[in-house]
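Engineer: Encoded as C-alpha cells, here's the structure I'll be asking about.
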Amino acid sequence: MVQLRKLLRVLTLMKFPCCVLEVLLCALAAAARGQEMYAPHSIRIEGDVTLGGLFPVHAKGPSGVPCGDIKRENGIHRLEAMLYALDQINSDPNLLPNVTLGARILDTCSRDTYALEQSLTFVQALIQKDTSDVRCTNGEPPVFVKPEKVVGVIGASGSSVSIMVANILRLFQIPQISYASTAPELSDDRRYDFFSRVVPPDSFQAQAMVDIVKALGWNYVSTLASEGSYGEKGVESFTQISKEAGGLCIAQSVRIPQERKDRTIDFDRIIKQLLDTPNSRAVVIFANDEDIKQILAAAKRADQVGHFLWVGSDSWGSKINPLHQHEDIAEGAITIQPKRATVEGFDAYFTSRTLENNRRNVWFAEYWEENFNCKLTISGSKKEDTDRKCTGQERIGKDSNYEQEGKVQFVIDAVYAMAHALHHMNKDLCADYRGVCPEMEQAGGKKLLKYIRNVNFNGSAGTPVMFNKNGDAPGRYDIFQYQTTNTSNPGYRLIGQWTDELQLNIEDMQWGKGVREIPASVCTLPCKPGQRKKTQKGTPCCWTCEPCDGYQYQFDEMTCQHCPYDQRPNENRTGCQDIPIIKLEWHSPWAVIPVFLAMLGIIATIFVMATFIRYNDTPIVRASGRELSYVLLTGIFLCYIITFLMIAKPDVAVCSFRRVFLGLGMCISYAALLTKTNRIYRIFEQGKKSVTAPRLISPTSQLAITSSLISVQLLGVFIWFGVDPPNIIIDYDEHKTMNPEQARGVLKCDITDLQIICSLGYSILLMVTCTVYAIKTRGVPENFNEAKPIGFTMYTTCIVWLAFIPIFFGTAQSAEKLYIQTTTLTISMNLSASVALGMLYMPKVYIIIFHPELNVQKRKRSFKAVVTAATMSSRLSHKPSDRPNGEAKTELCENVDPNSPAAKKKYVSYNNLVI
C-alpha cells in the first residue's frame, strides 16, 4: 500500500485526470493484493525479452459491456502480423542472435479506458510489492511468481487509446511504438516522450487532404469527426492548415458523439445537418470504422446517393468492411492511407492458419466462427445467429474472402523497429555475452528509447523506417478512389500519392454513374470573366459576382482596375487593349458633302477667274475693280481649299497649313469687301461735304489697305506658330463614350476649339465691320456700284455664321464632335464663299457670256454729278413710282462716245469713280 501511495503522489504531480487515477488505483490495488492470474483474454509468448502488444481485437461493447463483436481485419489481421513478425525475427540469425523475443498481447476492445486497465499488466513487474505482513499458513513468507518484464509496447491502434496508454507507460519509462495512431498531439515530445510511431501524424495527412481538396477545385467543405483525439485533432489540423493555405472554407464541423443509446438517430441527424449546406458536398471524414459505416447507412436512408463527396482519412484507407452494403453511397469516395505494400509472406502465413496450428491466438476460434459464418461445438461459442457447424477444414482465402488489412505492414515495421533497437542495444551492452546480459537486463527504458529513435532500416514495403526527434515517421501516403462503375474490378483504385507534395492523376478519377467531370463543392460558382468577387462577411468562400463596368477590367479575382488612359477593356474584360484610332475619312458622309460643295465651289471660282481674265479689259470687269476682284476671288478659292486640309490625315505639315489657311481665306475675302464698302461709304460721305474726292480710293491704295488688313491675320498666325508649334495628338476624351466598345481615339491637330475661334475671330470682325458699312451704303443706287450686292452677301454670311456658332459649341461634348464640328466649319466656309461668289460674280459672268451687248462702257460723270445723282436717287426712292413695277429708279449714266473731246473735257474718268 505504501507503493500505491507513492504512485498516487507521482500521478497527482503529473496532473492525471481523476477518472484515470481512479481506474489506475483500482487496477494496481488488485495487482498489489497478489492477483497474479493473467486475464483470460490475452496472449503470452515466452521469450528472453518480452514485448507488449495492444490491438483492437473487439469493437466497443454496448453500454455496460467492455467489448463487442470481433474485428476481423483491424483486430485479428494486425495481431497476427505481430506474431508473424516475432516468428520472422526469432528465426533470423542476423537479428538478435541468441535472443528470443516473447510477447504479451492484450485486447483494447477499441476503448481507451479499458485499454488503460489492460495496460497495467505491462507495469506489474516494475511495481515493488510490500509483503512484510503476508504469511503462509505455516508462517513462512509467500513466494510470488514475478511477472515478465515488458521492455516495450507495440500499439495501440486508435489515437485516443494510445494517448491514454502513453500516459501510464511514460511513468514507468516503457517505450511505445504505434502502428496506426496518427493524432497530431502525440508529436508533443514533452508530454509523450516515450511514444513513437511508424505512421506519419495527422498533420501530414491533413496537409495531404487539403492539397487534394484544393486540387479538385473544392473550396467549401464540411468536416466530420469521431469524438475523441483522433477525429477531433485530425479535423483541427485540417482546419488550421486550410486556413493557412487560404481559399478553403469549412461550412460545418460536425462531431459524432460516442456512448449514446440510440446512435441511429444521431447519424440521421448528422446527415440532415450536413444537408443544411447543400453546396458543401465534399465531406472530410476523420472517423473510425464503425462511424464510417453508420454515416454511410444514414446517407442511404436519406436517399442521398451521389450527393456527398467523401474524403476519408487513413482510418478509412482502403478498407472494405465499412462499405459493406453501402457501396453505392461510397462511390467516388477519395481516401488516404500511409504508403504501403502488401507483405506477401504474411499472406502465405495467415491463409495457412487453422484451429490446429494457431492455438496461441486465444481469439482465433472466435475469428473462425465470424469469418466462415459457422458455429464451433466448443463451449463458450458466441456465434448464435447460425446453425451451421464449423468443420475445422475451412481455409482462409478459399472458403472466405481475404484481403490483407492496410496496417499489417506497419505492425510488422513497428515490431522490427523495436527488434533493431534491441539488437543495437545488445551489441553495445553485451558485446561478449550470448543472450541478454545483466547490463541489458538492468538498462532502463530511456536507453532503449535512444536506440529506437536512431533506427534506420528498410521496412517490409521497401521504404525506410526512421523517426524524427518527436518520434514521428515521414509522411508518405497513397491516395485511392472507390470506383464501382466502368471498371472490371470494382473497388479502390490508386489515383495518386503524397510525399511532401501532391501527385494526383485526375484523368483516372470517376464519380457516380461513371461521370468523369469533377463535381463541384463550392459555396458560389466561379465568377465569369470580367467579374470580381465580393465576399460575404465571415464566409470568404461565398461571394457575389459584380461585373467590372465602364473602363474597368478584371485585375484579379477580387479587384477591378481602370484601364490606362489610351486603352479600353477587351471583350471579356480580362485585360485591356488599345483604343482604335480614327480620323475623318474621305468616304465618310460627314466628309463627302463638304468635299462635294468645295469641289463645285473651286470649279466655279476657277471658271469665274478664267472668265474675268479672259474679259479683263471689258467694261464690266474694269468697273468691278479688277484688283480687288482678283483678291476676293483668291480668298474665296482658299475658303474652298480649307475643306481638304480639314479632312486630310493630320500630320505636322497638314496641321501647319490648317493654321495658316483656316482664317486666311475668310480674312482675304472680307478684307477686300471691307475695303470696297469703306471706299463707297467714304466717297458718298465726302460728296455730301465737298466735291473733292476722298483720299486713298485709287486701286493701289485699295490693295495697300487690303494687304495691311490681311497682314494682321498673318502676324497672328506667325505668333501662334512661335508660341505653340504645330503638332498632332490623339484625343481620347473626345470620343470616350459610356460604352467602351464605342470608344475611339481621335487623331487630330493640336488645335483647340478656342484657337479655332481666335483664328476665325479676326475674319469675323472684318465680316461684322463690312456688314456695318454695307448697311450704311444701302441707299447708293444699285446700278452705280456693288454696295447692295455686298450688303446682301454680308447679311447672308452673318446668318450662316450665327448658325455655325451654336452648332460648333453645342456639340463639344458629343461623341460625334470630330465629325460635326469639322463638317459644320467646312460647310459654313463653303457657304460663305459660295454666297460671295454667287451674288458678286455670277451676274457679271452671266452678262459677259450670255449678254455681251450689255458689256459696254457708260457715260462718264464728274464726282459732283455722281454724288448729286446719288443724293437725288436717295430722295426719289421715297416717292411713288410711275413705273409698272413700282420701282423708283433713276438712270444716272448715259451712253456717250468716250472718245469725244467734250467727254474728255467735261467728265472725270468713270474708271476712277465707279466702285
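Every residue gets a Cβ built from N, Cα and C, even glycine.
This is the feature table in Swiss-Prot:
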type	residues	note
BINDING	Ser159, Ala180, Ser181, Thr182, Tyr230, Asp314, Lys407	L-glutamate binding site
COMPBIAS	879-892	compositional bias 'Basic and acidic residues'
DISULFID	Cys67-Cys109	disulfide bond
DISULFID	Cys249-Cys541	disulfide bond
DISULFID	Cys374-Cys390	disulfide bond
DISULFID	Cys430-Cys437	disulfide bond
DISULFID	Cys523-Cys542	disulfide bond
DISULFID	Cys527-Cys545	disulfide bond
DISULFID	Cys548-Cys560	disulfide bond
DISULFID	Cys563-Cys576	disulfide bond
CARBOHYD	Asn98	N-linked glycosylation site
CARBOHYD	Asn458	N-linked glycosylation site
CARBOHYD	Asn486	N-linked glycosylation site
CARBOHYD	Asn572	N-linked glycosylation site
MOD_RES	Ser900	phosphoserine
REGION	874-895	region 'Disordered'
SIGNAL	1-34	signal peptide
TOPO_DOM	35-590	topological domain 'Extracellular'
TOPO_DOM	616-627	topological domain 'Cytoplasmic'
TOPO_DOM	649-654	topological domain 'Extracellular'
TOPO_DOM	676-702	topological domain 'Cytoplasmic'
TOPO_DOM	724-753	topological domain 'Extracellular'
TOPO_DOM	776-788	topological domain 'Cytoplasmic'
TOPO_DOM	811-825	topological domain 'Extracellular'
TOPO_DOM	851-915	topological domain 'Cytoplasmic'
TRANSMEM	591-615	transmembrane segment
TRANSMEM	628-648	transmembrane segment
TRANSMEM	655-675	transmembrane segment
TRANSMEM	703-723	transmembrane segment
TRANSMEM	754-775	transmembrane segment
TRANSMEM	789-810	transmembrane segment
TRANSMEM	826-850	transmembrane segment
Engineer: How many angstrom lie between the most widely spaced Cα atoms of the L-glutamate binders Ser159, Ala180, Ser181, Thr182, Tyr230, Asp314, Lys407?
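Structural biologist: Max Cα-Cα spread across the L-glutamate binders: 16 Å.
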Engineer: Would you mind listing the long-range same-chain contacts of the topological domain 'Extracellular' (649-654), meaning Cβ under 8 Å and 6+ residues beyond its ends?
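Structural biologist: Beyond its ends, the topological domain 'Extracellular' (649-654) has Cβ neighbours at 583, 726-728, 747-749.
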Engineer: Checking distant contacts: for the topological domain 'Extracellular' (724-753), what same-chain residues at least six beyond its ends satisfy Cβ-Cβ under 8 A?
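Structural biologist: Counting only partners 6 or more residues beyond its ends, the topological domain 'Extracellular' (724-753) has Cβ contacts under 8 Å with 550-551, 565-566, 568-569, 579-583, 649-652, 654-656, 658-659, 808-809, 812, 815, 817-818, 821.
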Engineer: Tell me, how many other CB atoms lie within 10 A of the CB of Cys560 (disulfide bond), whichever protein chain they belong to?
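Structural biologist: Taking all protein chains shown, Cys560 (disulfide bond) has 19 Cβ neighbours within 10 Å.
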Engineer: Applying the rule Cβ within 8 Å of the centroid of the Cβ atoms of Ser159, Ala180, Ser181, Thr182, Tyr230, Asp314, Lys407, what extra residues of the same chain belong around the L-glutamate site?
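Structural biologist: Going along the sequence, the neighbours appear as Ser157, Gly158, Ser162, Ser178, Ala183, Val199, Asp202, Ser315.
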Engineer: Give the nonlocal contacts of the transmembrane segment (789-810) in its own chain as ranges (CB under 8 Å, at least six residues past its ends).
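Structural biologist: Tertiary neighbours of the transmembrane segment (789-810) are 673, 676-677, 753, 764, 767-768, 770-771, 774-775, 777-778, 782, 820-821, 824-825, 828, 831-832, 835-836, 839-840, 843.
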Engineer: Given a separation of at least six residues and a C-beta threshold under 8 Å, show me what packs close to Cys541 (disulfide bond) in the same chain.
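Structural biologist: Non-local contacts for Cys541 (disulfide bond): Asn219, Tyr220, Gly247, Leu248, Cys249, Val522, Cys523, Thr524, Thr535.
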Engineer: Which one of these stretches, 591-615, 655-675, 754-775, has the most C-beta pairs shorter than 8 Å to the transmembrane segment (826-850)?
Structural biologist: 591-615
Engineer: Look up Ser159 (L-glutamate binding site) in the DSSP assignment and reduce it to helix, strand or coil.
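Structural biologist: Note: Ser159 (L-glutamate binding site) is helical by DSSP.
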Engineer: To see if you understand the setup: which same-chain residues, six or more apart in sequence, place their Cβ under 8 Å from that of Cys437 (disulfide bond)?
Structural biologist: Asn426, Leu429, Cys430
Engineer: Looking only at the topological domain 'Cytoplasmic' (776-788), report the model's average pLDDT.
Structural biologist: 64
Engineer: Tell me which of the recorded positions Asn98, Ser159, Asn458, Asn572 sits in the most Cβ-dense spot, judged by other Cβ atoms within 10 Å.
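Structural biologist: Comparing the recorded positions Asn98, Ser159, Asn458, Asn572, the most crowded Cβ belongs to Ser159.
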Engineer: Per DSSP, how many helix, strand and coil residues does the topological domain 'Extracellular' (649-654) have?
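Structural biologist: Going by DSSP assignments, the topological domain 'Extracellular' (649-654) contains 3 helix, 0 strand, 3 coil.
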